[in-house]
Amino acid sequence: MKMASNSATSLFLTLFLIIQCLSLLTAAQDFDFFYFVQQWPGSYCDTKQSCCYPKTGKPASDFGIHGLWPNNNDGSYPSNCDSNSPYDQSQVSDLISRMQQNWPTLACPSGTGSAFWSHEWEKHGTCSESIFDQHGYFKKALDLKNQINLLEILQGAGINPDGGFYSLNSIKNAINSAIGYTPGIECNVDESGNSQLYQVYICVDGSGSNLIECPVFPRGKCGSSIEFPTF
């Protein structure tokens, strides 16, 4: 009887440890909201590092998607959550033309975009698998791009990609007026050392359904007046 009792105790402890490990794995994939990030190609290219156009040719003079990133309210974020779920282009074959247009790669050497999309899925997308499969993840980002036309919003406020300088507040206010929420703005620096509009962060709730006010903004410094370069 004592041996049976010991076996039961051992089995219970093993099950308890398995449950604890599973709960830790699940917790590691929890997140609070998404950053939907769009970048201005003129600012990506106007740096010392420069850029390479994709094999499909020069992208449109428009904001392109960088990614849809699960994030936490404290500013931390999960990444690379499922090594058993690699990017599979066959799962998004009906979206490729939209991705080439709205989610182009500018990295060197020139590519098709698949390496960029693979990175975004494996680093960020796999952490949202409780909500989106691969097709749903990429489609959601594309649909958000359609919903939030940043270039149209800014041009409607007289803010144009003409190499001019605009106040950071005017850019934020224009976007806030259009979508009802304050964006996060990230700048980079051109070859002359000027602060320029690089990326715009819009926050989406944890279900991926609704725009929300950002619980935390990305780190990064912008001048009070920033350049909006041509492309």
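Cβ atoms are placed via backbone N, Cα and C, with glycine included.
Annotation comment: TrEMBL describes 1-27 as signal peptide.
The Cβ of His66 (active site) has 21 other Cβ atoms within 10 Å, all protein chains considered. If you look up TrEMBL, you'll see His66 (among others) marked as active site.
Under 8 Å, Cβ to Cβ, and six or more positions away along its own chain, Glu120 (active site) finds His66, Gly67, Leu68. Here TrEMBL flags Glu120 (among others) as active site.
Residues or ranges marked as active site in TrEMBL: His124 (among others). All chains included, 25 other C-beta atoms sit within 10 angstroms of the C-beta of His124 (active site).
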